[in-house]
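Taken from TrEMBL as is:
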- SER62: active site, proton acceptor (ACT_SITE)
- 24-103: domain 'Phosphomevalonate dehydratase small subunit-like' (DOMAIN)
Amino acid sequence: MRVNCRTIARGVAEGEVLLTRDPISFLGNVDPETGEIVEPQHELYGQSISGKVLVFPYGKGSTVGSYVIYQLFKNNVAPAAMINIESEPIVAVGAIISEIPLVDKLETDPFELLKNGDRVIVNSTASFVEINKD
Ligand SMILES: C/C(=C\C(=O)O)CCOP(=O)(O)O
């Protein structure tokens, strides 16, 4: 099943969905060394975003978050791709400089469409997400 979306950072990546309805502040919520969510109040506390297709509403917090995303990339623990409800500049810049495919504004609400563990391909070069349900 293909769902059209808006391209923010071009690229193609496949991975397992990790979904949260909580916004993410990359500076403070995420350990740049491990990719683990370290904010106890966050829905994904204790989980790793490394290699996942990370689905979250939007980024928040410090603009340094863009650089934290870059650190995740340099440490080989970045998400494979990211899907937002609506991207903002912190996550957009982080994804672009880190070559992480990033899309938003899916034609169907990703929180209705996806669940943790689904395998998806994010093709942000061609502006679609392909969902492979079991
Ligand atoms: C560039 C900044 C701090 C630093 O160099 O560590 C300022 C970031 O400002 P925010 O208001 O957190 O975006």
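Note that Cβ sites are derived from N, Cα and C of the backbone, with glycine treated the same way.
In the three-state DSSP assignment, the secondary structure recorded for the residue listed as 'active site, proton acceptor' is coil. The average pLDDT computed for the domain 'Phosphomevalonate dehydratase small subunit-like' (24-103) is 98.
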